[in-house]
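What Swiss-Prot says about this one:
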{"type": "BINDING", "residues": "Arg129, Arg169, Gly175, Gly176, Arg208, Ile210, Glu215, Gly241, Ile242, His243, Gln284, Glu298", "note": "ATP 1 binding site"}
{"type": "BINDING", "residues": "Gln284, Glu298", "note": "Mg(2+) 1 binding site"}
{"type": "BINDING", "residues": "Gln284, Glu298", "note": "Mn(2+) 1 binding site"}
{"type": "BINDING", "residues": "Glu298, Asn300", "note": "Mg(2+) 2 binding site"}
{"type": "BINDING", "residues": "Glu298, Asn300", "note": "Mn(2+) 2 binding site"}
{"type": "BINDING", "residues": "Arg707, Ala746, Leu748, Glu752, Gly777, Val778, His779, Ser780, Gln820, Glu832", "note": "ATP 2 binding site"}
{"type": "BINDING", "residues": "Gln820, Glu832", "note": "Mg(2+) 3 binding site"}
{"type": "BINDING", "residues": "Gln820, Glu832", "note": "Mn(2+) 3 binding site"}
{"type": "BINDING", "residues": "Glu832, Asn834", "note": "Mn(2+) 4 binding site"}
{"type": "BINDING", "residues": "Glu832, Asn834", "note": "Mg(2+) 4 binding site"}
{"type": "DOMAIN", "residues": "133-327", "note": "domain 'ATP-grasp 1'"}
{"type": "DOMAIN", "residues": "671-861", "note": "domain 'ATP-grasp 2'"}
{"type": "DOMAIN", "residues": "930-1060", "note": "domain 'MGS-like'"}
{"type": "REGION", "residues": "1-401", "note": "region 'Carboxyphosphate synthetic domain'"}
{"type": "REGION", "residues": "402-546", "note": "region 'Oligomerization domain'"}
{"type": "REGION", "residues": "547-929", "note": "region 'Carbamoyl phosphate synthetic domain'"}
{"type": "REGION", "residues": "930-1060", "note": "region 'Allosteric domain'"}
Amino acid sequence: MPKRTDIRKIMVIGSGPIVIGQAAEFDYSGTQACLSLKEEGYQVVLVNSNPATIMTDKDIADKVYIEPITLEFVTRILRKERPDALLPTLGGQTGLNMAMALSKNGILEELNVELLGTKLSAIDKAEDRDLFKQLMEELNQPIPESEIVNSVEEAIQFAEQIGYPLIVRPAFTLGGTGGGMCDNQEQLVDITTKGLKLSPVTQCLIERSIAGFKEIEYEVMRDAADNALVVCNMENFDPVGIHTGDSIVFAPAQTLSDVENQLLRDASLDIIRALKIEGGCNVQLALDPNSFKYYVIEVNPRVSRSSALASKATGYPIAKLAAKIAVGLTLDEVINPITKTTYAMFEPALDYVVAKMPRFPFDKFESGDRKLGTQMKATGEVMAIGRNIEESLLKACRSLEIGVDHIKIADLDNVSDDVLLEKIRKAEDDRLFYLAEALRRHYSIEKLASLTSIDSFFLDKLRVIVELEDLLSKNRLDINILKKVKNKGFSDKAIASLWQINEDQVRNMRKEAGILPVYKMVDTCASEFDSATPYFYSTYAVENESLISDKASILVLGSGPIRIGQGVEFDYATVHSVKAIRESGFEAIIMNSNPETVSTDFSISDKLYFEPLTFEDVMNVIDLEKPEGVILQFGGQTAINLAKDLNKAGVKILGTQLEDLDRAENRKQFEATLQALNIPQPPGFTATTEEEAVNAAQKIGYPVLVRPSYVLGGRAMKIVENEEDLRHYMTTAVKASPDHPVLIDAYLIGKECEVDAISDGQNILIPGIMEHIERAGVHSGDSMAVYPPQTLSETIIETIVDYTKRLAIGLNCIGMMNIQFVIKDQKVYVIEVNPRASRTLPFLSKVTHIPMAQVATKVILGDKLCNFTYGYDLYPASDMVHIKAPAFSFTKLAKVDSLLGPEMKSTGEVMGSDINLQKALYKAFEAAYLHMPDYGNIVFTVDDTDKEEALELAKVYQSIGYRIYATQGTAIYFDANGLETVLVGKLGENDRNHIPDLIKNGKIQAVINTVGQNNIDNHDALIIRRSAIEQGVPLFTSLDTAHAMFKVLESRAFTLKVLD
């Protein structure tokens, strides 16, 4: 069937900011889809609010709108652009929900816009729990006994009929948001209340729990001619009951018999055909491990997280082909771009095993609830490919970057058996390590299988690894054993630990014995046909399929899994760096471990190595490829952390050199550099012991800012007000040592701003200065950043440019650098310098139209800034105002405090741009889903130190129609200063309504809550913040952000004046 000629212009909706449940996979799929449609000659209009994405680059679509994905703004763009069709299936749940809203509000019908890929009826049938249930019954597909409810009372009634345990699944939500498992009525009421609130259609499915069944996924494709195929099946290591995004997943499925595979495959194909989906679809099924009984859990009628995994696992580009199918092409007409010899109708075949492991944020959120369930908690994931399960699992494990290189974590051998078994039973994020420890203690597989419902097959594979550890320990320096364990994925570091020697000794011994990895190609067809794809993974086998060209090459290290502090921004920089390398005439090689990202799309680079980013794995690729050099600047802290070992091994690091990286990161060297350059910084010291820290703080004076050196995202950073808190921090938050000192700085309360700059060693280019709305103390990644700056004087700007030049030349920076400043009493201080790309690079690249990563890469490769057209020093500012605002995932992370501070908590970002600050702020808040009505009730509960400022803020909110509610201390202060307030209680004050109840009953439209450092753990304040998050009420923990919101509301308000 030829492609359609009756449509010319197609709008694609992106997925917005990265949040838990919806990450970089939609940048990958959206980019693929836009390019695929352009390839077919269609005009593509893209709407997305996330500036950190490749898909929002100008060359990906014909017209790019970085605007809020809300009904108001998408409708405006539709009216302006008048596209013929809309493709909503590549923007995750955000895209689907927006398509539904446009349809229900009559916009699509009014503007005569057709939905492509998946019809509204199919979205409804898959997402609306009632219609889905009816469809499954019509198809004779089994689903767990369930009831659709629109109220808590209906949920209780159903529970009384069938009993517990139950699972609550809200309709039209993402990553299991609002859902969960219930063992009793109290839990049912709590979860259903949240679920109904979070479901855009106020609907939940309450179903009998089938926790303990195997969870299997099928990624399927269908075209308009009813051709359908299975791209990939996947099996979760964890049973039903743990969200698939939080589970270890293997592809292809490992424990299914032919009969079971055929049964579930037929069911998946029946479902996609019945839904008449044209494109990709994900079907999740539960299989009874003891019979052929199965249930359909759910269907995602769109490209999903699993689609990205299936694409990278097989090499089959699902999103690219889904876009072509959406415009009428059929699977037997489209050539598979990976083989270039077969058609897309051929089902991929795998001759390897893929393991996906989730990356959790609990290293940042130690107070978070680590128990896994039906609501997703992982921020990102890694993928590894091997020839056997053990190899792929161990490679995935060391890709996580959580400080482990094997399925063993420190101190577990000291854990009691009772604690061990409890941790295994509870199913937390680190259960895999506890299972391995239990096997080391000779617990039987049967016992562990009964505790966890994990298939014995997988537990047996863990036992193989544990037995090999034992074999290694008993046969020190045995070459044959070394060869055996390398085949099973053991790292040099893990072997060194068991042999009690260092990693270099293992590496040298292995190389002398000729035990070297080979690289195999991912080709979608298990080598059955010729393939042209340069997509490789390592294994210890015989034939090497990665052929080395004569062309000079450059290796770029990616940034690994998405986590808080290191998000998709670094992948954006990596992709642009590769583009510049290719333009400069070199062969570009990428090494990365993240299946969600654009950088691991095989078409981006000349060669892709899907490998862990560890010293061993990187050196193996370098030994084979012998590149001219390695670029580390765009891989975040992941790549920078490898600099020392790579340099020691004689690898040529391109750009800023190791000794200069150290001068920026090492406290004493950095202080000496600043002194030599005559640049002020807040007074500070380095401490390697608790007593040194206390002495340093006494010299500086409290409050002080404390943090470990060499961190990203402000991990373990804290503002400390007194000696007691400092001692507590030194003994619990960090392990200080001469190798890992703690930095102690004066905490300056002032205006914060930052610059990204490019240096060629002689001149610098500063694309722009970003001014933070929140004052110093809130992590830069959690602050709203404004470009160009709105309140900085010319003198301050000149000083910032001068200091940036001095630092760039003084630190011998070649390529990117990021500098953060604080301005107090009109004096500029340097807080920190990062001689690498930062998370603001994509935002600044978009708003200045300078492709910063490309320019920096060419400079790194020897070009000079004089050869570009951007000039030197500070680039002329934009006429528009642009705001980068953070996006948070607190709804997914129970027990995590939403109070902002020096440790980063946001998972993503959005951008708002307009002709003035107020309009840009409005767009930024809307894009971040922080919406406030023009009037209502606002609660103030603030720290004593903030009361004076909060009073002025409350007065202006009152002036535009808000009624001020306040807790006792705040109310007394407000009343004494002439501001009338409604007194409210905190918790347990039964004589009046307390805040959580008011929030729950919809009486409060916003909460402003600030806490002094001594009261951070205040239980009442924590519950108030949590209530606001759970009920979707705007929460401000910084008065600066609340003031920015006031500016928006004020700009929307009319002046009402009595006639004089």
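Backbone N, Cα and C atoms are what each Cβ position is placed from, and that goes for glycine too.
Asn834 (Mn(2+) 4 binding site) sits 39 Å from Ile242 (ATP 1 binding site), taking the C-alpha atoms as the reference points. Cβ neighbours within 10 Å of Ile242 (ATP 1 binding site), excluding its own Cβ and spanning all shown chains: 26. When averaged over the region 'Allosteric domain' (930-1060), pLDDT in the model lands at 87. Annotation note: Gly777 (ATP 2 binding site) sits in a coil segment as assigned by DSSP. Of the recorded residues, Leu748 (ATP 2 binding site) and Glu298 (Mg(2+) 1 binding site) place their C-alpha atoms 52 Å from one another. Reported as a whole number, the C-alpha separation between Gln284 (ATP 1 binding site) and Gln820 (ATP 2 binding site) equals 46 Å. Counting only residues at least six positions away in the same chain, the Cβ atoms of Ser146, Ile148, Arg169, Ala171, Gln203, Cys204, Leu205 sit under 8 Å from the Cβ of Arg129 (ATP 1 binding site). Just so you know, the Cβ of Glu298 (Mg(2+) 1 binding site) picks up 17 other Cβ atoms within 10 Å once every protein chain is counted.
Here the Cβ of Asn834 (Mn(2+) 4 binding site) has 22 other Cβ atoms within 10 Å, regardless of which shown protein chain they belong to. The region 'Allosteric domain' (930-1060): residue composition by secondary structure is 60 helix, 21 strand, 50 coil, according to DSSP.
Note on the region 'Oligomerization domain' (402-546): DSSP counts are 77 helix, 11 strand, 57 coil. Taking every protein chain shown into account, Glu215, Glu832 are the binding-site residues, and of these the Cβ with the most other Cβ atoms within 10 Å belongs to Glu215.
Cα-Cα distances to Gln820 (ATP 2 binding site) place Glu832 within 10 Å, out of the binding-site residues Glu215, Ile242, Glu832. Arg129 (ATP 1 binding site) carries a helical DSSP state (H, G or I). In this structure the alpha carbons, written CA, of Glu215 (ATP 1 binding site) and Glu832 (Mg(2+) 3 binding site) are 47 Å apart. For Arg707 (ATP 2 binding site) paired with Glu832 (Mg(2+) 3 binding site), the C-alpha to C-alpha distance reads 12 Å. The least crowded of the binding-site residues Arg208, Arg707, judged by other CB atoms within 10 A of its own CB, is Arg208.
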